Amino acid sequence: MIVGALRCYIYSSTLSYRSTRTTAAVYLSKLLARRHRIKMAKVNAGAALLSLCLLLACSAGGTQAAYVDVEGTVRTEVEKAIKSNPGIGAALVRLVFHDCWVNGCDGSVLLDKTTSGGNTEKKAINNIGLDGFNLIDTIKYKLGNSVSCADIVVFAARDAARYLSGGKITYSVPSGRKDGIVSSAAAADAILPQSTFEFQQLVDNFAKKNFTQEELVILSGAHSIGVSHLSSFQDRLNDSTATPIDDNYKQALVADVEAQKKSQNTPDPIEKNNIRDMSSSFQTTAGYDPTGVNTAAKGALDNSYYHANLQNRVLFKSDWVMRTDSKAGDDMAEYMNNATKWNNDFAAAMVKLSKLPAEGSTRYEIRKNCRVTNQNYYY
């Protein structure tokens with residue numbers, strides 16, 4: 001009986017042991033399977049992250065970081081350049097107009113050569129003295145293929161306007177422009193408004209781009225900054241071609257031009273667009289009335305242009321002729337007396353200018369080098 005009970009106990013214990021062992025094996029199997037799933041999930045997540053990084057690197061040309069602060073980089077480089085060379089700011093504001101007005105905002109003004117050959121826009125007579133190309137190159141080098149040259153031109157002009165106005169002219173512009181492959185000096189000379197235009201010619205020129213007469217007056221205010229070659233205003237000084245110009249200003253200008261020919265060693269010297277930026281002795285000789293103008297703000301983008309124009313002390317015929325139209329004259333008087341309104345309206349006009357759509361090219365690209373199309377780019 002004792003033996004039977006012992007056998008029963010041993011059999012029962014054996015079953016219990018087998019059951020426990022089976023349960024443990026099942027548990028261990030589940031544990032190993034769970035660890036395997038976790039391991040595979042980590043591997044898959046790592047692979048996905050690696051793929052994303054590779055994708056972002058490839059989309060940026062293979063050499064750029066996943067995130068590039070495009071506008072921050074442009075702003076930093078523009079401000080640094082203006083501090084080093086104050087004239088570069090005005091050059092950038094002029095550059096965006098001369099780019100966008102011809103083929104839309106496509107960076108065509110930057111090209112040194114195209115696949116079709118011929119003179120590019122840089123060689124146009126209307127583009128004499130155009131500048132800022134080296135700075136655009138510098139910015140492009142820092143940003144690589146993450147941004148088009150056309151976008152850089154637009155952003156640089158925006159940041160120059162903000163800086164030169166002391167932060168009073170600010171605006172936002174979208175990105176996403178592409179670079180064109182067509183650039184023609186003949187087209188630029190045919191499309192850009194000339195400094196010798198009559199008033200109606202200016203109005204018609206702006207109307208072709210869907211800009212109003214008032215926007216013509218507004219954008220002309222950019223002549224408060226920058227310089228001009230003698231060849232662009234020579235007609236104002238010659239007795240046979242001169243349009244009405246204040247005689248005191250004319251005589252002061254003639255004398256200064258002769259002096260600049262010697263100091264600049266060229267028969268086609270540059271003069272400052274704005275009499276505000278001339279020396280105090282020049283202003284006195286020219287009979288300039290600085291009332292309402294901050295004459296200490298040399299090179300500032302502001303409404304001082306209207307003060308000078310309404311005194312008939314401006315370089316270009318195309319500026320003076322706006323006085324011959326009563327509505328344009330009224331607009332100039334309004335902007336002369338209301339600097340804030342001009343700041344705001346100029347910002348709005350620059351946004352409109354910066355949105356002119358690209359046209360004229362058979363295809364568009366993001367250039368590797370702003371001076372040549374990708375087809376002309378040599379590694």
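Placed from the backbone N, Cα and C atoms, the Cβ positions cover glycine too.
Heads up, TrEMBL stuff is auto-annotated, nobody curated it.
Database features (TrEMBL):
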type	residues	note
DOMAIN	69-374	domain 'Plant heme peroxidase family profile'
SITE	Arg94	site 'Transition state stabilizer'
ACT_SITE	His98	active site, proton acceptor
BINDING	Asp99, Val102, Gly104, Asp106, Ser108, Glu121	Ca(2+) 1 binding site
BINDING	Pro193	substrate binding site
BINDING	His223	heme b binding site
REGION	258-287	region 'Disordered'
COMPBIAS	276-286	compositional bias 'Polar residues'
BINDING	Asp289, Asp302	Ca(2+) 2 binding site
Provide, as an integer number of angstrom, the distance between the C-alpha atoms of Asp99 (Ca(2+) 1 binding site) and Asp302 (Ca(2+) 2 binding site). 22
Using Cα-Cα distances with a 10 Å cut-off, which of the recorded positions Arg94, His98, Pro193, His223, Asp289, Asp302 are near Glu121 (Ca(2+) 1 binding site)? His98
Of the binding-site residues Ser108, Asp289, Asp302, which one has its Cα closest to the Cα of the residue listed as 'heme b binding site'? Asp302
Rounded to the nearest Å - Cα separation of Arg94 (site 'Transition state stabilizer') and Asp302 (Ca(2+) 2 binding site): 15
Lowest local Cβ density (other Cβ within 10 Å) among binding-site residues: Asp99, Glu121, Asp289, Asp302: Asp289
Cα-Cα, whole number of Å: Asp302 (Ca(2+) 2 binding site) versus Asp106 (Ca(2+) 1 binding site)? 28
Given the binding-site residues Gly104, Asp106, Ser108, Pro193, which one's Cα is the least distant from that of Asp289 (Ca(2+) 2 binding site)? Pro193
CB neighbours within 10 A of Arg94 (site 'Transition state stabilizer'), counting all protein chains shown, number 22
With Pro193 (substrate binding site) as the reference Cα, tell me which of the binding-site residues Val102, Asp106, Ser108 is the closest one. Val102
As a whole number of Å, the Cα atom of Gly104 (Ca(2+) 1 binding site) is distant from the Cα atom of His98 (active site, proton acceptor) by 9
CA pair Asp106 (Ca(2+) 1 binding site) / the residue listed as 'active site, proton acceptor', Å rounded to integer, equals 11
